[in-house]
Structure formats: C-alpha cells, structure tokens
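Visitor: Mind having a look at this structure? Questions to follow.
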Amino acid sequence: MPSAPQRPLFSRGSWPEARRLADVLRQETTGGLLLLVFTVIALVWANVAGNSYEEVRQFHLGPAALHLDLSIEHWAADGLLAIFFFVTGLELKKEFVAGDLRSPRAAALPIAAAVGGMAVPALLFVLVNVLHPDSPEGALVGWATPTATDIAFALGILAVVGSHLPSALRTFLLTLAVVDDLLGITVIAIFYTEQVHWTPLLLALLTLAAFTVAVQRRVRSWWLLVPLALATWALVHASGIHATVAGVLLGLVVPVLRSEEHGGPEAGPGLSEHFEHRWRPLSTGFAVPVFALFSAGVAIGGVSGFTAAVQDPVALGVIAGLVLGKPIGIVGTTWLLAKLTRAELDENLRWVDVLGMAMLAGMGFTVSLLIGSLAFGEGTAAGEHVTLGVLVGSLLSAVLAAVVLSRRNRVYRRIEAEERVDADGNGVPDVYER
C-alpha cells in the first residue's frame, strides 16, 4: 500500500488558523513598531541626558515588607514581562491544543527549528569566549543570551521594509518565536535561579491551583482572578525563581476549549481566547515597549566607546550567536528534517526564503536583554556590553534579512495576491479550499 504523500514544508495551514494568526501578527507588528520607537528613545536618553536615565531606572518603589522594594528596571523586567509571558503561555497552549500544531507532525518542524536556533547560537557564544584570549572571567554564564527570538521586533522590521512574506513563513516565524520564548523561560528558571526558597514556592503552587480551578470553571471575575495571579507572581518572585515564570504557568493553565460541563467545544472557545484579546494589546502596546525603554538604554561613549564595547568577547559572542548562529541553527535543522522525512519545500518557496526568515529570527531583543541582565547584573561593564551586543546583533540580523527578503518581494506579492482570491465569494480564499 503506498504511503500518504508528504505534506510540503511551509505549506499553508487551515483558513481559520490563518485568519486568527493574521490578527495576532497585526497586533505584534504594531507592538514591534512601538518597540523600535522606545528603543531609540532609551538610547538617546541614556546618551544625551547625563545620569537622568540611570537615576530613573534605578529609582526604587514598592512595599519593602513584601520584599518588593524594586527598581523601575526590575519592575519592568519582573513585572511587565510577566504579562508578556502570560500571553506567550496562552498562545503556545492554543497552538498545540486547537491550532494547526496539534498534529505532532506539524509541530515537529517549528520545535526542532527552535531547538536548533537556540543550540547553535549558544555554542557560538561559548566558542568565542573560550577561544578569545581576552575573555573575562565568568563570561560563559551568558551563554543563553543570543538564543531568543523577538517576534514583535521582527514583524516591526518587516513592516518598515515592506516585505510581503508569505503567510506560511510568517506563521512559522511566530510559532518558532513562541516556542523560543517557552524554552527561554525554561532556561531562566533552571540556569539563572541561584537559590530556591521552598515555602513561598509551595504557596505559589497553591494560588496557581486556585487560579486553575477558577478558570476551568469559567470564572471571569477580575476581582478573583487578578488577586490570585498577583499572589502567584509575588510568591514565585519571593521563591527566588524569576517572576516571569509565573506568567507562563498562569497562561498554560487557562483552558483553550470549553469543557463538556459548559457546552463542549461546539459552544464556543474557552477562556484562553477571551484573555488573549484582553491582554495581548497590553503586552504588545505597553509592557514590552516599557521594558525596552528601561533595558535598552546603554551609554555608548562615542565611536571609541562603541568600538571597545563591541570588541568585548561577551558582546562578540552575542553578535555571532544572533547573526550567524540563528540562521545556521534554524536553516540547518530544517534542512536536516527535510532530508530525514524526504519532505520538499512548498512549490512557491525556495531555501533562500527560509534563510531570510531565519535571519529575522536573529532579532533576539526582549528575552535576550532579560537573560543578559540576569547573567551579568545591572550596571556592570559586561552587562552594558551584552546590551550593546544584543542591539548590534539584532540590527545586523534585520539588515541582512531585509536584503535577502526584499530580493524576493515580487514573488511574495504574487503569493499574497493568490491568497486573496475568493472566486466563489464564500469568504474563504480559494487556495484554502484545495
């Protein structure tokens, strides 16, 4: 009996999934443009306004009795990014429960590519810092810095350069970035936790369980859910584990589908979609840009200061990981998977398209900055050099991706036009009905 034909790599998914992801991508694109603006503001502020930038971001506020007397920079990283990771948890669960990735075969490619896109940058960072004669002591602690992908920044760049990247590649990039974020937060929880305090951690599990029971029963009352979420966040923070882990866990326990008790899947979506509509605009429009404002500002010190900073092995390792490691890891893993499964690319695409998309994944901004600050601390020379390395690496990745993808824009416009044709007028483009 002949085997079923192998589905092409980067082929179109279902129309409902494509429509949902298009809405997500529009919001992420807007967030990416805001991220660009706030990053520029941070750099200008840090370099032209004396010490005011450092004074503001190191200003402490919060209840000291609860061990929450944190700097504004800490509040942005530990608090606001928890919202970002909450939305990430919602998105990831939806993809694997109700999205096109509920099929193990479909999920294998983005997961494998995300792993390859993390392993190779980490390896390059380690190689640079092991082989460089001037590598500072303890530099290897930053190995995970260049392993992340910032989807909002990548889509913001796409909006600026006007690329018409096909929906299948955009979807793959989004899914890869979401998996990347989950792997990144796992790395943070495992490798960047110095000491675990078990009492608050166990209490956090209790409040998380209460939150889980509430959302499974379709409780939507903010006066109950928000205090439970805040208590979980505060207790995880007190446990010594990075507080953003709480955001992911809270997102992952929200149901995607309705239970039979509440009408089953046919009665409508679960609370996940409701929460995502409420919280994604806050994440992309406020939380992540404000985090960038208080994390991306680094005093460059003119041409000589910039040159010295990027020659630091720590910065060089980050740049090499983002610019070279990401595309090598993603394209290499994808090519290897294609060979092992004997799958072919979609007939409209070429490997250069995968390369351009992989270069976009080299924009590691948000999670890379977070890991860099955890690895090297605030206000240290290595920490500032890592920040500059992330900025330079992301910028170079954006430029290279723009060059590669812009050369294929004519093909992308043709694919985009085909995806809009609805000859029978039923509201579903014809390419999704074949």
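For all residues, glycine too, the Cβ spot is worked out from N, Cα and C.
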Visitor: Looking at the candidate ranges 223-243, 286-306, report the one that Swiss-Prot labels transmembrane segment.
Guide: 286-306
Visitor: I'm a bit unsure how to read this: which one of 30-50, 195-215, 354-374, 386-406 has the highest number of Cβ pairs shorter than 8 Å with the transmembrane segment (141-161)?
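Guide: Of the candidates 30-50, 195-215, 354-374, 386-406, 354-374 scores highest.
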Visitor: For the transmembrane segment (30-50), which partner among 70-90, 172-192, 286-306, 318-338 gives the most CB pairs under 8 Å?
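Guide: By Cβ pairs under 8 Å, 286-306 leads among 70-90, 172-192, 286-306, 318-338.
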Visitor: For the transmembrane segment (286-306), which partner among 70-90, 108-128, 195-215, 318-338, 386-406 gives the most CB pairs under 8 Å?
Guide: 70-90
Visitor: For the transmembrane segment (195-215), what are the same-chain contacts with Cβ under 8 Å, counting residues 6+ beyond its ends?
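Guide: Apart from its flanks, the transmembrane segment (195-215) reaches 224-225, 228-229, 231-232, 235-236, 238-241, 246, 249-250, 253-255, 271.
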Visitor: Could you check if the transmembrane segment (70-90) is in contact with the transmembrane segment (318-338), meaning 3+ Cβ pairs under 8 Å among residue pairs at least 6 apart in sequence?
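Guide: As far as Cβ distances go (cut-off 8 Å, pairs 6 or more apart), the transmembrane segment (70-90) and the transmembrane segment (318-338) do not touch.
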